[in-house]
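Below is one structure, written out as structure tokens; the observations come after it.
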Amino acid sequence: MSSEQILPSVGVLGLGMMGASLAAALTQRGYHVYGYDTHQASLLEAEQIGLIASPLSPNATELVSGDVFIIAIPVLAVANYSALIHQLLQRGVIVTDICSTKGYLATLFAGSPGSENLVLGHPIAGSERSGVVNANASLFEEQSVILTPLEDTTAAALTVVRKLWHQIGAKTAVMTVAEHDQILAATSHLPHFLAFSLVDTLAGDAQNRKIFQYAAGGFRDFTRIAASDSRMWHDIAQTNQAALLQALDGAIEGFSALRAMIAEGDSNKLMGVLTRSKVARDHFGAVLQQRSYRQYKVDSMDFIAKAGGRVVGDIRVPGDKSMSHRSIMLGALADGVTHVSGFLEGEDALATLQAFRDMGVVIEGPERGEVVIHGVGIDGLAPPPSALYVGNSGTTIRLLSGLLSGQQFSTEMSGDSSLAKRPMRRVTVPLAEMGAAISTAEDGTPPVRIAQAEKGLQGIHYELPIASAQVKSALLLAGLYAKGTTTVIEPAPTRDHTERMLRGFGYPVETNGDTISLVGGGRLTACDIDVPADISSSAFFLVAAAITPGSDLWLRHVGVNPTRIGVINILRAMGANISIKNERNVGGEPVADLHIQYAPLKGIDIPEDQVPLAIDEFPVLFVAAACAEGKTVLTGAEELRVKESDRIQVMADGLQALGVNAVATPDGMIIHGGAIGGGEVVSHDDHRIAMAFSVASLRANDDIVIRDCENVATSFPNFVELCASVGKTIEIEKHG
Ligand SMILES: O=C(O)C1=C[C@@H](OP(=O)(O)O)[C@@H](O)[C@H](O)C1
Ligand SMILES: C=C(OP(=O)(O)O)C(=O)O
């Protein structure tokens, strides 16, 4: 390389499809590329169509220190060139490769003179096609390349190879040779050999003509890779033998188990394999496609809530989050099969669902809100293979803290950065009193670790220091496993879905004023659950209609449990025109249609007894207050400071940024209604903050940009679409 500004020259050894594609991409980016291939026609063709600048001489004398030599031939053939490669390394040429196994090359060259210039690599890209004719200059764009530097590889050499890949649009990651070979054996080598074997077996069948004639899309998809380059795959099998054998043994074990399930007609076990693998494929499919998935959060998303709009229509918001969580938990512990409809397919409820799948429960769906849970019985959960990841969901981690305290195995639960800050002692302290072996991080936050309770759990009589349905529910769920009676006394009524649903599953729960108790040791019987629309999600639309002149909206099949209707009570006290129609009882829960028409709002002092009944609705109620005439005062709501964000501070900051007179107090807020301006606010990864400011834009005089809105999917996956359907526009801006 003659000067730092000038790109290094590159020599490519092997002009098969992969080498030729790489040569083409580098040539396009301005590299001077020399090529070499024993197959003269390929070399000529590559030169003629401009994939390479010229052929590389046998001793590669064109390449000088700092230039790059890329090995792109089947891995076992590399030994034929080892003299040349040793020479290049000693000359200071940086040598890299694109072979699929790394261990073999590492043994050939590690520790030899010049090996500090060796940067082994492997692009996770390819095609079943071969040869120069199939060269594709964009093959590596957006693809990952694994680099496996050796112990003595210099940082400078690594940087040169990294840059080279980045310049042709690929992303690089670094791992050890052993790690690479192990991972690739499972994710790449095994599926290829399964495809080779399947096609070979079927082709050898006497009926092969018919079989291939009627082979459908599934066969095509599964066997596409069986047409891959034979020499290359031969070499992979020889050079990654141990890891490949391990992967094959795992697969053979899986086949044998599956064979037994089919032979025995074990429908439950079979459904377990099918549902678990579907979920895993969907999950990893999202990762593979670089889409956002909570556990592997790659995309962040901003909302641009356009100023103005209106709210007219007739809609049903997604299912109640609290009930969706509980339907999975109790369905899993029940004897028999529970059918759930109206299930919320939001990230939080899905985290609960996944946790139970991880503990061996067979769960079909969700499919358009339908879930079928094959209950394992109160004592049928199995230890999960690893720590449970519960994302953003406080309800999951707290309720499961209780439920898992009663199991005969250890578990650990952790979540995202928001959940990692939330207080857990409120559940772990009383659970420890019941005998649970439960612990948290030093500051009382997740991860929560639970070991088997040595002497089992003992019922307690516990006065809740805070009004919290999550704490109450955690204790009741632990109480199912406790000796004797577990009694919880509430300082104020909180949502009672756990009690109602337990009764629906045939488990006696006694409620006497503020005192709730149950006796451990009973069993649950499967039942059908119809989850109504979530009043907490409806709240965004109730406020939207309440603050926008001309609006007229129906919200259908909403859960109107008296412990949840604080938002209706508060809005009505502010002057909102809300009617509750068609009240009915659905599986022990009151349900109704809500009709709301615009009416001017006035500020009020929010009665403290309404706080637990509207605990999740305050972000959007603050928006209602900002649009009301006069002053609204909230007190007694310090709990808001420990939700997905500090909802008092975050809302006060956001409202102030939009020009609203909002002052945070230790336990609430004072808001003077007035004009709302446009501007930028931050959701702090809190779904309800993001949606509340989206609603505020209906009355804003300019657009509101809301940062970090990806967590809206935790409770309300189709929020933006439903807004659009009633006349409120929100644009989405994604960031990688
Ligand atoms: O039990 C439940 O399903 C919930 C209880 C409430 O939490 P707290 O118990 O912490 O008040 C609520 O904020 C949360 O969204 C759901
Ligand atoms: C507080 C909430 O949920 P969780 O505690 O389950 O995270 C909420 O949905 O507003």
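Cβ coordinates come from backbone N, Cα and C, glycine included.
All annotation found in TrEMBL is predicted automatically rather than curated by experts.
Annotated active site, proton acceptor per TrEMBL: D616, in sequence order. The 3-phosphoshikimate binding site feature in TrEMBL is assigned to K321, S322, R326, S468, Q470, D616, K643. Per TrEMBL, the feature phosphoenolpyruvate binding site maps to K321, G394, R422, Q470, R647, R688. Annotated domain 'Prephenate/arogenate dehydrogenase' per TrEMBL: 8-292, in sequence order.
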### Query
Cα within 10 Å of Q470 (3-phosphoshikimate binding site): which of the recorded positions G394, R422, D616, R647 qualify?
G394
### Query
Listed recorded positions are S322, G394, R422, D616, K643, R688; which sit with C-beta under 6 angstroms of ligand 2?
G394, D616, K643, R688
### Task
In whole Å, note down how far the CA of D616 (active site, proton acceptor) lies from the CA of R688 (phosphoenolpyruvate binding site).
8
### Task
Within 10 Å of each Cβ, count the other Cβ atoms, then let me know which of the binding-site residues K321, R326, R647 comes out lowest.
K321
#### Entry: Spatial separation of G394 (phosphoenolpyruvate binding site) from K643 (3-phosphoshikimate binding site) - C-alpha basis, Å
8
### Task
Please classify the secondary structure at S468 (3-phosphoshikimate binding site) using three-state DSSP.
coil
### Query
Any idea what the Cα distance is from R647 (phosphoenolpyruvate binding site) over to the residue listed as 'active site, proton acceptor', rounded to a whole Å?
9
### Message
Can you tell me which of these binding-site residues sit near ligand 1, meaning the Cβ is under 6 Å from at least one of its atoms: R326, S468, R647, R688?
### Response
S468
### binding-site residues compared (S322, S468) - the one with the fewest other Cβ atoms within 10 Å
S468
### Query
At the Cα level, what's the spacing in Å between K321 (3-phosphoshikimate binding site) and G394 (phosphoenolpyruvate binding site), rounded?
11
### Message
If I take every residue in the domain 'Prephenate/arogenate dehydrogenase' (8-292) and average their pLDDT values, what number comes out?
### Response
91
### Query
Want to know which recorded positions, from R326, S468, D616, are within 10 Å of G394 (phosphoenolpyruvate binding site) at Cα; which are they?
none
#### Entry: Neighbour count (Cβ, 10 Å) for Q470 (3-phosphoshikimate binding site)
23
### Query
What is the Cβ neighbour count of R688 (phosphoenolpyruvate binding site) at a 10 Å cut-off, with all protein chains included?
28
### Message
Looking only at K321, S322, R326, S468, Q470, D616, K643, which the record lists for 3-phosphoshikimate, tell me the maximum pairwise CA distance in angstrom.
### Response
19
